Structures are given as structure tokens and as C-alpha cells.
Amino acid sequence: MMRWPPCSRPLLGVCTLLSLALLGHILLHDLEVVPRELRGFSQDEIHQACQPGASSPECRGSPRAAPTQCDLPPNSRFDCAPDKGITPQQCEARGCCYMPAEWPPDAQMGQPWCFFPPSYPSYRLENLTTTETGYTATLTRAVPTFFPKDIMTLRLDMLMETESRLHFTIKDPANRRYEVPLETPRVYSQAPFTLYSVEFSEEPFGVVVRRKLDGRVLLNTTVAPLFFADQFLQLSTSLPSQHITGLAEHLGSLMLSTNWTKITLWNRDIAPEPNVNLYGSHPFYLVLEDGGLAHGVFLLNSNAMDVVLQPSPALSWRSTGGILDVYIFLGPEPKSVVQQYLDVVGYPFMPPYWGLGFHLCRWGYSTSAITRQVVENMTRAYFPLDVQWNDLDYMDARRDFTFNKDHFGDFPAMVQELHQGGRRYIMIVDPAISSSGPAGTYRPYDEGLRRGVFITNETGQPLIGQVWPGLTAFPDFTNPETLDWWQDMVTEFHAQVPFDGMWIDMNEPSNFVRGSVDGCPDNSLENPPYLPGVVGGTLRAATICASSHQFLSTHYDLHNLYGLTEALASHRALVKARGMRPFVISRSTFAGHGRYSGHWTGDVWSNWEQLSYSVPEILLFNLLGVPLVGADICGFLGNTSEELCVRWTQLGAFYPFMRNHNALNSQPQEPYRFSETAQQAMRKAFTLRYVLLPYLYTLFHRAHVRGETVARPLFLEFPEDPSTWTVDRQLLWGEALLITPVLEAEKVEVTGYFPQGTWYDLQTVPMEAFGSLPPPAPLTSVIHSKGQWVTLSAPLDTINVHLRAGHIIPMQGPALTTTESRKQHMALAVALTASGEAQGELFWDDGESLGVLDGGDYTQLIFLAKNNTFVNKLVHVSSEGASLQLRNVTVLGVATAPQQVLCNSVPVSNFTFSPDTETLAIPVSLTMGEQFVISWS
């Protein structure tokens, strides 16, 4: 039996979802009456289709009359046999059309041979009623489908929540069904003005959502029948464009193919490869429309599902349970779509400053002595290192919250030494808890058993699987008692070993046996009538039984939330244990994950293909509100090469989360392992990242408080330029920096797209003033682009980074840790537009405290340049950041040599001007938290 918690549980923001629906004939919300031929089968046809007593699953309530209107174009067909292959006779028994079609070139799946006719019976819209927040209606079905346990009467609630957000649910009014326990906004009145209009088809039921601005149809569910059976829900819609992204996690291009593509969402432990379900599930997509417009759609459903894309273009959601809970975001531009999505699922957490430094790990640092030596080697080679990690090696028998007294006997002292050196420490923590020891020998299991925190099997006993420590039980993080138990375990272990963050792995959850060591029951949860395209051919492949019981529901419903709920528990536990900003990196994710944790992209291979694929992966997770994301630099599986590792380090310097990690028995790949030439190239990339950390930290602040992205695709900034829509091997940091990495072997040039505007090579900024880099070789210092592809020089020691005209970025002298770099002098790079304008921002606090915004313990500055004058605007100043010392202002785009430079009305005599690069370098001695004015003439 499912155990339902009271509505007051902290995660149950949707426990009592707001219920409203759209009705026609009011304002712009017109109820369309569809033509007679589209209304479905007549009662006579229904009677002829299925005589009383018919029991065949192909006939159960389904019309047998030969369908008409089967002359649909192949790309506009919607599959009438999603569950299995069927014969022409079985297809017609379902009331569908059968017509063979060729497999399209380069398609992942074929066009359906058995497909719905336009007249296929669906639901009918009835009892339309106006409510305070929108409208409500009843949906009734007269003819059952070919799936068991159809729900014949449904309730439609539609909420016009905001100007740009429309929300509707379809659910069973008679029986409570599982709903995702994600806290979402509540509204109590209808938005007075909207960017959308809504129309309805009465029979067959359908919803059409249009953008008022141009009348474009964004959502049209009339293209295929609605299914709502107990274990099969299908909602299809047309798409206004083939340019669609989202629906993570998958390995591939940022833009999805609409050429018959199926994306499966069921979190799975598997090394990333194309066309398989990976570690996370994010049922959200964003569509780019003509004219720079965009919209997004979010299906708040955590059950196993397929999402099918077809060339018409159209999309079909196929879920195995829950309800249909749909949000539509009107933008109107892509940036706003992302922010509106994050308004629903939550803005990202603010990471500690040190978390943006370099992290180093590998599976195989088998002793504390080896771990110490790695840190020492990094220091001797003059490579920055902020956070040292350990994999399973530190554990006693690979059990959580223990350490090996033989190989890590001085583990607590080692961590203290890292702290004394200005560094931090993170270790792996898997969710599975060893269950095989004698009672009283392993406190996490003993306490968990006593407190009832584990997922249970059909007998009510803890489900036992097998993971790294052997036999294991799995904590149920939807149980409030489990959150408290996890907090206790984390706090107790932290009292022994003062770690600084948690790396939560294997949390799909991963299991080395199918389901459990005792197998799984033979029931409809284990063998659903519709099985999405999961790797392994069963829901229990590499995980636990779908029918196992959790506090909120069955694992069948909650599987995709496991990583999210563990991230929340770990986030909360770290706050309790440390009293400072938590740092959690998780492998498994779901919508809203960025509120609690970052993500790394899993067990990637050390090859050029996976290096290249990491760029769209980083971009996609930023669109999904998980900006703290990165891939294992140099690759995890297999052996890297020197050139690959150099290029990966250069790109990795621009991952929001920068970590080098590799597998047991792989060749070592720490930066100091390579030739001096390679080391110097890597050192330049490290230096560049550390110099730019103030800008990166400011971007994370903006993501945290405004729902912005950190790393972002070009189309987010330039949506009106269609050439940017498919660019996914370059990335932007915020609005200002364009990174064009080398992603292929043996290349000394790289071609990138430069949107319209002026772009300054960042190497023309005199960072040698920091004493860290030699002056750059002569380069093409500025690109005046009309929107074009540009081939750039990219020798092995170079990653191309360009600063966009109109922007100002803060920089700081580098060091081997952020503890030291935060003490260095600041600099500002000012990139002028043709009209001589630019602006930028700096956010600064102590880098790790909680509640700095509420307490006012931060400094926020706005920088403005106009009319040959540069000023700082003091938005908020506190002791944190007020005393930062500014030593250099570099102005790019100064066309003529200045005769005079003034700083606070005092002449600056030692400024320099380079006519070749149009660069004005102004040495200053200023305090950032005090008003200043710099001018040149």
C-alpha cells in the first residue's frame, strides 16, 4: 500500500495543487468547436467496434470499425502501437491505420506503421466553469483504449498564473494519484494580462495555446488523442519550430533532432553514450521561434517516460504514471523562458567561493600519504589547487561514514593540514548503506534500521541490494526521519573528519543486482503495460525494484527523484555540520536540482568525442538551473593523452565546476605528470580561470538571485541570429566572455561563430601586470563581426577567449588557492562599444557564510563607462569587499591616443596606449568600495 504523508511535509508543495481550467467564449480564450469529422466515432461505430463480452486487449473497448482518413503524411503520424509491435489486423482492431513506411535516413527510430486516424476516440470536454484563477472542466471518455485501467473521467484545471506562465493539470477526480512532491509557486488570482491565449477543442478534447503577439501556436494537443490510463499517460503537441533543446540527461548536441527521436527519462548508472537514458531526468524543453522568440514547456512528472520527437514537427510525452501537470512559459525571449522555468523549480544555490577553484581527485589515491604527496606535487609544480578529493579509497570496507585506519589512519590530521594550507577537502559518499555486518558493529545501518529509514520490499523489510560494500540497504530520502538520520550521520562523521563538501555518487540509485538480491515481485509496477526505452529492458536494471516502498509512494513513482532528495538531505546536513555554505556535487539529478547541488557529467571516456560533447552538456544543465556543472577533465575512463589533457584542461578552466578525476588503473593525469610544454599550457589555463574568478562568482550570484545562467549558449544572448541556434561547441560566460575551445586532435586553429558586434581578444588585456603571464604574442586583437565564422590561431598553449564590447569584467591576481587569490589586487577590463559605452558588475562577500544577503554582509558594485569616463556605482558596501584594492583599468576600443588621463581629477602620468590593439592601460591605486571617476581625453 502507498503511504501518503500529511500535506504539511516540507517537500509537498504540490500536495494540494491548485485546480483551475480554461473555458471558451471569454475574452481571448475561445472554445473552438471542431468539425464533425474530427469529433470521433459515433455511438453506432462504438457499438460495432466492440461487442459485449469482448476480452482481447486489442479490442477491450476499442473500435473495430475500419478507420477512415488514413492518408496522413508519414511525418505527421502518431504511433498507435507504442507498447509493442503489432500486425495489421491487431492495428485495425485498435481502430488505427496501418501503412508501412520507410525508415528515414539518420533517424533513431522509424515512422509508425500503425497510427491514429484523426477520428480516433478521445476525451470530451464538459462542464466548463470559471474560477478565480482560471477555468475548470470535466473530461469524459466513452471508449476505452488498448491500455488497461483507463480513467474514463478526468478533471482539467487551468491556471493563468502570471503574464507569461500558464499551468494546467489533468488528473483523476475520484482517486488520489501520485504527484511530484516539488514545491512550486501558488497563485490565488488570475493574471490580469497574459502573453498567451487559449482555445479548446470540445470533442476530441484538445488545448491550443497561442502567443498573442503573432498568433503563433505554441501548444496544440489536438494533433493526437489524449491517453490517461493508470500506467500510461500520453499527451502530444505540435511544435512551432524544429529548434528544440532540453529533455536532459542525454549525450549529444544541444539542439535535439526532430527526425524520429526518442528520449527516455529514467535515471540510470551508465557511462555516457548517445541514445540511452543517463543519470538525470529533466522533462523540460525550450523551443526557439522565428524572430528571436522562444517558449518552454515543463511536464512535472517523475515517472519513467519517453519523449518522442517527429519531423512534422511534434512531440509526445509518454509517462507510466502520475498526473499530467504542465507549465508553459511564454518568454518571450530564451533568457526569460529559463528564468520563468526556474521561478517554478527554484533558483540555484550560491556556492562557496572556494568551490569555483580547481578540484583534484582520482580513484586510486589509496593512502593519506599518497593524497598528501599529490597536493605537494601540485604546489611544487605551481598549479592551483583549492579542493582535494578522495574516492572510495578512504573508506573502511567501502562503507559510508568510516575511514580505513590502516591506509588513512591520520585522515583527520590530513584534512586539518589541507585547511591550514588554505585548501578544502571533499570525499565521496554513496547512498547505499552496508547491511551485512553483525548488529552493533556499524552505526549508520543500526541506527537506520532502528529509525525505519530504509526503502522496504513487499514484506516490509529493508530491500537489500549490492553495491561497493557488498550487501546494502537504501535510505529513503522522502522520509523526514531519513533526513534527520542522514544529518546525524554526516554531523557525527564531520566531528571526526572536518570535511568541507560531499560528493554524492551512485544515487540513481545504482545497484549491482537487478532489483534486489531476492529479486522483485511479478506485478504491474515491475512489468508495466508500457515500458519506456530503458537500457536493460526493465525498470529494475542496475537499480532497485520499482515496486519497493518509500514514504511518499512506490519507487516506481519516486525513482527519478532519488538523487534530488539525497542532494536536499546532504545540503541540509552540511549546513548543520559546518554552519557555512554547503557544497554538494551529485551524479543523479531531477528538475530543481540546482537549488541544492551541482552536477558532474559522470563516467566520461578519455577521448576527443567526449571532450566535444561536454560543451553542450554544460550548456544544457545551465539552461536547466544547474549552473555548477562540469565534466571530468582529461576524462574518467581509459587513458588520456598529453594533447587531449591539455585541450581538456583549457576547456575545463571554463567549466563552472572544474575538476580533474580519473578511474582506478587508468594512467595518472594530474597536470604535473606531463611534459614541461604541456604543463606550461595548462598553467596558463589555470591562471586565466583564477584571474577571472571574481567575474565567475558574480555570475553565480546573479544565477542565485535572478535565475540567470552562468555558462550559456550563444542563442541565449543572440536569439534573433539563427546562426547561433545550433552553435554548441562554444560557450559564453555570462554576457561578456566568448570561449572557443579546440576540441579536435592535432589542430592549431579553430573556427568559431562571432555574433554581430565587436569582440576583443582577452589576451590583449595586460595580465602580466599581475606578474603571472608573459605579454601576449601579436594577435588579431579585435574582431568586428557582422555575424560570421572566424578562424582563430590556437597553438597548444592557447584557448581563445574574447570579451564582448559593451561589457566590463572584474579580475584579480591569481594564486595557488582562492584563500590567497582573494587577497590579491583587482583589475578591470573595459570593452567599449563603437559608441564608447560599457557596463559591468561585481558581487563580493566572504565567500562562504550563510545569509549574507539578509545580513547585508556583501559589497555590490556597478561599473559604467560612457563619454570617455569610467565610474563605479556603489549599490551596497560592507566590510566584505569594501577594501579590495584596484590597481589597473584596461580600456579596450580607444580609437585615438589620449593626451590626458585623470583619476579622481588627478592626472595619471604613467598610462600606456597601444594603437595596434586600441588598448589604454591605466595604473591606479583605488579602493573598490569608494566612489571613483576615471576619464581620458
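The backbone N, Cα and C atoms fix where each Cβ goes, glycine too.
What Swiss-Prot records for the substrate site is D391, R587, D603, and among H295, H494, H661, H701 the residue it adds there is H661. Among C59, C70, C114, the cysteine that Swiss-Prot records as disulfide-bonded to C91 is C114. Between C80 and the candidates C96, C97, Swiss-Prot annotates a single disulfide bond, the one to C96. The recorded disulfide partner of C70, taken from Swiss-Prot and restricted to C7, C15, C97, is C97. Binding of substrate is attributed in the record to D391, R587, D603, H661, and the widest Cα separation among these residues amounts to 14 Å. Residue environment of N259 (N-linked glycosylation site) contains 17 other Cβ atoms, counted within 10 Å of its Cβ in all protein chains. Close to the recorded substrate site, the chain also has C361, W363, I428, W503, D505, W600, G602, D632, F636, A663: residues not among D391, R587, D603, H661 whose Cβ is within 8 Å of the site's Cβ mean position. Taking a C-beta cut-off of under 8 Å and a sequence gap of six or more, D603 (substrate binding site) has these contacts in its own chain: A271, P272, D632, F636, L637, A663.
Considering only the recorded positions D391, E508, R587, H661, the residue whose Cα is spatially closest to the Cα of N377 (N-linked glycosylation site) is H661. Considering other CB atoms within 10 Å as the measure, the emptiest surroundings among the glycosylation sites N127, N220, N457, N639, N867 are those of N867. Each of the glycosylation sites N377, N888, N910 was ranked by the number of other C-beta atoms within 10 Å, and first place falls to N888. Residues near E508 (active site) in space but far in sequence (CB under 8 A, at least 6 apart, same chain), listed by position: N267, R268, D269, Y279, A542, T543, H559, Y562, G563, R587, S588. Counted within 10 Å of its Cβ, the other Cβ atoms near D391 (substrate binding site) come to 20, all protein chains included. DSSP gives N377 (N-linked glycosylation site) a helix state.
Around H661 (substrate binding site), the C-beta neighbours below 8 angstroms that are at least 6 residues distant in the chain are H359, L360, C361, R362, W363, W389, W600, D632, I633, F636.
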